[in-house]
Each structure stands twice: as C-alpha cells, then as structure tokens.
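Undergrad: Take this structure, written in structure tokens, and hold onto it; I'll ask about it next.
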Amino acid sequence: MEQNKDPQMISKHNSRLPIWVLSPREEQQARKNLKTETYKKCANFVQAMADCAKANGMKVFPTCDKQRDEMKSCLLFYQTDEKYLDGERDKIVLEKINKLEKLCQKQSSTK
C-alpha cells in the first residue's frame, strides 16, 4: 500500500476533525488500494479472460462471454461490498494513528 510519506502530514492534520476522517486524497487512495487488492484476488479470472481474448481476437465477445461474466462477477463482489472498502479505509486510519504516535513519542523524547 503506497501512502503519502510526508512527515508533516500529521502535523498539518486539522485538530478540529477526528483523525478517522479521511481527506479526499486519502479516500481516493483507499479506493485505489481496493482496486489493486481486488485484481489480486481475482487474478485467475482476469488471466482467463485475457487468455481467451488473446486466443480469439475479434471474436472475443461472443466467445469469451463466460470468462467475462466470471471476471466481472468476481471484481464486482469485492468492489461493491462496503466491508472491503471500509477495510482499506481502516488501514489508512491505522497508518495515520501510527504516524501520530511516532510524532508524539519523538516530541516527548526531545523535551
């Protein structure tokens, strides 16, 4: 999971908002992470569709309907169920909490 590694991100965090509130950029990152994870989980279906398309060329759509439907079903299963997106959001929130804890420890050790 690729995140913004800017150490100032936590210090710039708006203290009036709870840390679990995601910025639009963080929400976009959660959705991007979900897409990546979904394609990993459905890799066999995606590969089957790609192989069928490669083998059939211009006849891909009538010939590969079964593979397309299986791939679509798998991808939509993960992308439409909110618990998977919530899981990606939780990962980002946990990362923000960890960064904040490290920052607090660093500040307390310098005092």
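From the backbone N, Cα and C atoms, a Cβ is placed for every residue, glycine too.
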Undergrad: From the ranges 31-41, 64-74, pick the one that Swiss-Prot records as motif 'Cx9C motif 2'.
TA: 64-74
Undergrad: Within 10 Å of the Cβ of CYS42 (disulfide bond), how many other Cβ atoms can be counted across all chains shown?
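TA: So the number of other Cβ atoms within 10 Å of CYS42 (disulfide bond) is 22.
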Undergrad: Expressed to the nearest Å, what is the distance separating CYS42 (disulfide bond) and CYS52 (disulfide bond) at their Cα atoms?
TA: 16
Undergrad: Within the chain of CYS64 (disulfide bond), which residues six or more apart in sequence place their C-beta under 8 angstroms from its C-beta?
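TA: Result: MET49, CYS52, ALA53, ASN56.
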Undergrad: What does the DSSP secondary structure composition of the motif 'Cx9C motif 2' (64-74) look like, as residue counts for helix, strand and coil?
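TA: Its residues divide into 10 helix, 0 strand, 1 coil.
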Undergrad: Can you name the far-off residues of the same chain, 6+ from the ends of the motif 'Cx9C motif 1' (42-52), with a Cβ under 8 Å from a Cβ of it?
TA: 60, 63-64, 67-68, 70-71, 74-75, 78
